[in-house]
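Undergrad: Per TrEMBL, domain '1,3-beta-glucan synthase component FKS1-like' is recorded for 344-457. What TrEMBL lists as transmembrane segment is 490-509, 560-580, 592-615, 656-677, 716-743, 1465-1487, 1522-1545, 1611-1630, 1636-1658, 1740-1761, 1781-1800, 1820-1841 (among others).
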């Protein structure tokens, strides 16, 4: 039976045991073993069962009997809590625990158990345990620490051990307390009860070390956390402490923890804030105050007091938005003046705001709503503070008589927002149908918000819930889905463009004759301007529909006034101009209207200019703000709407002049090009066409015949106009590339662009590092140690400061396996703190230098001076020689004593004298140097090993041999005779005492010198290629280059700006599992195999690091759990995983600990010298505490709670990361079922790893409901942002990485918040990125280069001089306080904010923020590496930009920026996608125009009079379009970046390589992706988050998968363009023949080929025959599968076809689709008349006959399709279509038009019963398109060399690095089989 129990026990433990990890050097040990790690949540929350079981595990080996007692008590507690085992997992847990207990009983071999003695055994063990671990001594030390506040343990290992002891003691005490109830009161019970009483009276130690806390242990005082000892922290705690002036708290109010009451307790009692929210915000305020105090840099900071200046700074910054809100609404602040309120009131107000914000949940997205709540509650607080006793707040009183801020204030607002969210139909409803976050917030921009009253009236309009289908009015803006938003938002741009086009056209048609008549015609710009403004006003009125009932009355009044004003102005101006034209035609008129017209336009222009200057020009803006004249304010209000946001959007005059000059250059270039190459060349052809006599059209013409050939002129001008609208972006791109390149060069980017440059300039690195990256405190320490500060001493001091940082960087590269052990030795730099009198450089600079110097010396026939000059030609050779000389002297002196030391001293004295006299070549026989060196290296080769008796003898012999060679071979004859006759030496030699014993190196400095000298003398190969790894090189090159860039001076860690890092996570890969590493795809490729081939050097370094040989296989590694885990991390660190991101971000803490350690901030602990550096800083409690005070890392794992409940591997992996990094915090949403109706309660929780490595809950804040009302990522960020700390917050995505060398520069970057970057301080600091996925494939390289260009050169120009950089989801650093008081770091409204990150930039800019960009620091980033991933990503971004077009943020920025800054904003945000779309539309416009000319016969008729083909304007337009299409202008900034950072030759080579790898095909394809999703989003919506996947993409994508993804976005459009080209070639006319056709349409053909075949060109194994056959079978199966309910589109064509139509939802969308589909009828209409069936007749009857033929074809189709064997007749139908292709060329597009219309009006067709027919028509069209695409692919797959060429094309980067992609593509199975 015992065996059964044993087996059951092992089974249970194996099931519940989590992975074990002992993290050396970082964090602490975590062993979650057996049942101790698997206590169900329902039991763990109410009891300490988990702690008791953990204690049982800890003491199992010491006393199994006591462990059994603890397990039995844990079982009793579980049974008492849940006797029926109803909770989740309780039954399994209790069964497993009973099994463990029975096993323990069975192991007693039948011995009886006297349970009455259990209490005695437990008591005896308790006393023994306390003595063994010195618990009483620890408690006495704690008492001393409490009294002094300075002394505590400085050993981290002891700290962790102490915590475990306390945890075990706590469990023992808890069990003793329960068992003592039944103990004999006169026996053992008495000492137990006495002990329990003593513990309760002095329980500080136990509770202090085990009470959960986040950063600062405020509830208790901890001995093991030094953070509470810092004076600023103690001062902050003292500042919020309760005083006698506060209202008295009731006696029954419970104070949490062992602390004194403070003002947070009063606020909790008054308003009913949640306890954990109070705890969280208490720590938040303490850290905020303490950091504000430390940044004041006040001397004598040991006084624990917060300065008034620090309090004021925090107060004003936190309440800044509230103060602006009150000023905007003309409301009185809750305080009169800042000087009128005391310090306590300020802290009360800040505390109240933090508590409101901390519990506001989704209401945090409504910053002005928080201002309103704070305003009301602050007034309430102000009234209550005057009471003698604390009283409850009326606003938060519940029906039960208690107080609850959440229930009474937040829940009503949340419930209304939640009800509105339900109306959006999961994002499918129109934005105008429901209120989003912005609508709710903007209600508080009006005085009407005070109608809410206080307490809030539930019946108010704001809190009214939507009823039925009746929409709730929006606030001040309605996001109607229409392209007209582009016109409305950027009306000034369009007016300018139209008027300039009009002006240039008039000048061109007037033949540049600028006389009075021309001037009068140019005045037609007046009516144009007035009419376009009237159109804008009309759109304002129309697009405001849906917000009139809630909008401010003043806003509506402004709309009405402007509408009527511009309506009347338009009528007047048009009338006046018509009269001017009439006067022009009558020469004798007195020109009254002309003068009146000039007077009116001039007056308006002058007034407009004045207002423009006052509102937009920085120098005049202050004047306009000071004017209180109502007349002036009225016109200013009419000129520009006044919002709460968007006020004061101006820059200082110098910045304004810079971006104005930029745009003047762009506009001058653009309009010069437009006039001379677009407009002017079209004047003559246009006049010719207008004057052309009437001719016979080939078809039945409706428009042109009687209107001077209007459509012909339109077809001629349309492509030119399209390019005119778009090409300004070309000029912007060119100039921004030039400016960006110049700015980059000025910033010294690219100065160090190779490892050779690193070698050459290494000598200058220490000084540059010390100047920028070392705080003044550290600078003073080394310099003061030297009496003289000459050049050599200064260099040595700089090297001493530089060495610990450089070595830690090199060590991190080794830990990441980028370098080998040997490379680490070569790259490391000595500490330079020893007694050696010169700077010691890394060995990789000095390698082989000694050997070369020896060769020079041996060959030298000149004097010593000539030899030294030759050596000094290489400065590092000179360093090596000097170091070798001094090191040999020091090592020999340390090794020998007595006569031997005298000999050493004599030898070096003689050599020194010879050097001074210049007679070294005479004193020494330099030709024997090689022999001497060989003897000495034999000696050092022994000394670098551990001492043994044999080695000691060998070293003595080697030393004597060295002496012998020096004496007899090296020294001159005279000197040798002198030494031979030296009696002391001769006697010692004769007696055998000379060098008979040597002193083995013991001193760390000597050991380091011996090792270094040995390498210096023995490493023969040059280190020019060290490090070999390209990534290691790149990182070192960038880091060393950045040392010379301009950056703020670093402050000490204690004085730096504190910051947090914030990463949202959902369900992406955390850590690759062992099975995932080994699982193979269809090609037999596993992730591990792939990475071994891609990164062979890193794999070898990994094996070396874990102590394995190069031949070690995967199976060998799996045998060791430690190695298997290391392998998982190695793979995960090369993917885009959370583990990689967390490791990178935790480098910040490591860097701060190192910096803090070197600054030696004393806390009563002796300073630690730099010689103790190896890991010393990581074991320093002060350094760790200082880092924790300044840095917090929170990962918001939204569904971590669900993952834990479902026991998903992601939860285990996240727990593993928590264990590995002690400072890591994980926030997540936890839900609990309450009630019987499925109601849930939601909590926002924060956890960390406890002393056992188990999740320890720190905070748990109840939410008003499900937090996901909007987009997932911003909601995930919002719930967890309350757990962040500091003044700055860096947003890090899940696909990013960081490096230690960059983390060292973080405090410099944070100082930018205090720098001057314009008239406003920065609120977002932009950071450069490096895309680390560029080496995977050619596609990844294209994407990497494109992304790198944007995040470097592009953002550089956006930030300066254009001043329009936004936040793009990159690793930007936010001013945290600024943003959390203004709505957060992103927006979350459903769909409209799908690109949530950029709205943070919009919001920051509109709220008078300032966004900068800095390139001396970088963060790693992963990008999509496969074409499908890239397409999905670009589709997501394009869709997001489509939604931005509709947004109020873009509208307001477009309206409120000055004209030139508005242009910068437009062309770098939504305008980029508009220009992209125009590039594609140009092709359509051109081809449809040409097809019209061909069908109508106008081209043939016109060509008789004028040659239009190939005219200058059309050539210019098409050439510009083609260059944009193939990505030339996209590549210009890219090439400029290459030139700047790689050099000209490498830039040219890279660009040419990209062209050979078909980057133009990729860019053309991407053009289609962006156009499709951007256009569809604006037309129909449907923007959504598209999961791209971040895995390793080398697998083949099936043909059907590509077809499904690209059918509607690329293939259909490509076939349309191809059909237009075929028709143009077939029926068009040109004098140049076929060559003219080709030249005119080459860009279009390139577009067709790229769009059709790019998915297969860039598809791995896309042309492999076997794959092609399999793809065809899969595609046919998919096409013919009928599908059904629940069948996904990946399996069935029918399901996919239905999904593709889902975007057409609204009537407006159907109408637009109908209009767009009508273009396809043009083909049939034109071709019918070209068939000449009835001679030259152009009657409409012919077109009618064509429809009869079409109906006949449809009937034949139905006959074939509805036969009994319809599934087998599809190929017959295809063959029939192919045979009839020539005849029905016009019917194919007509059929598609009918199909499109049928899909659009699907419901009507279903009613008519025709839907089945339509669906079969759709199937035949898709089958035909698929066959047309598949045929060329299949043909090329026949030729094996095509597949080989494609592999080389895709993976050329890999081949250039010697990788074995051919093996990867072939798969590993063959290798396994052999």
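Cβ from N, Cα, C; glycine included.
Walk me through where these features lie, including what they touch and how far apart they are.
TA: Proximity of distant same-chain residues to the transmembrane segment (592-615), defined by a Cβ-Cβ separation under 8 Å and at least 6 residues beyond the stretch ends, is recorded for 520, 523, 526, 572-573, 576-577, 579-580, 582-584, 621, 623-624, 635-636, 639-640.
Here the transmembrane segment (716-743) has Cβ contacts under 8 Å with residues 497, 501, 662, 665-667, 669-670, 673-674, 678-679, 682, 685-686, 689, 1353-1354, 1356-1357, 1360-1361, 1467, 1471-1472, 1474-1475, 1478-1479, 1481-1482, 1485-1486, 1489, 1508, 1513-1514, 1516-1518, 1520-1521, 1523-1524, 1529-1530, 1532-1533, 1535-1537, 1539-1540 of the same chain, all six or more residues outside its ends.
Long-range contacts of the transmembrane segment (1465-1487) within the same chain: residues 486, 490, 493, 718-719, 722-723, 725-726, 728-729, 732, 1354, 1358, 1362, 1364, 1366, 1398, 1438, 1441-1442, 1444-1445, 1450, 1453-1454, 1457, 1514, 1517-1518, 1521, 1524-1525, 1567-1568, 1570-1571, 1574-1575, 1613, 1617, 1620-1621, 1624, 1641, 1643-1644, 1647, each at least 6 residues beyond the stretch ends and with a Cβ under 8 Å from a Cβ of the stretch.
Residues 1480, 1483-1484, 1487-1488, 1490-1491, 1493-1495, 1499-1500, 1503, 1509, 1568, 1572, 1603, 1636-1637, 1640-1641, 1644-1645, 1647-1648, 1651-1652, 1723, 1726-1727, 1730, 1785, 1788-1789, 1825, 1828-1829 of the same chain, all 6+ positions outside the transmembrane segment (1611-1630), place their C-beta atoms under 8 angstroms from a C-beta of that stretch.
Packing against the transmembrane segment (1636-1658) from elsewhere in the chain are residues 1338-1339, 1427-1428, 1480, 1483, 1486-1487, 1509-1510, 1514, 1518, 1521-1522, 1525-1526, 1558, 1560-1562, 1564-1565, 1568, 1597, 1599, 1602, 1605-1606, 1610-1611, 1613-1615, 1617-1618, 1620-1621, 1624-1625, 1628, 1630, 1829, 1832-1833, 1846, 1849-1850: each is 6 or more residues past its ends and has a CB under 8 Å from a CB in it.
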Undergrad: Using DSSP, what is the helix/strand/coil residue split across the domain '1,3-beta-glucan synthase component FKS1-like' (344-457)?
TA: 78 helix, 3 strand, 33 coil
Undergrad: For the transmembrane segment (490-509), what are the same-chain contacts with Cβ under 8 Å, counting residues 6+ beyond its ends?
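TA: For the transmembrane segment (490-509), the nonlocal Cβ contacts are 518, 521-522, 524-525, 528-529, 532-533, 536, 671, 674-675, 679-680, 683, 687, 721, 724-725, 728, 1454, 1459, 1462-1463, 1466, 1471.
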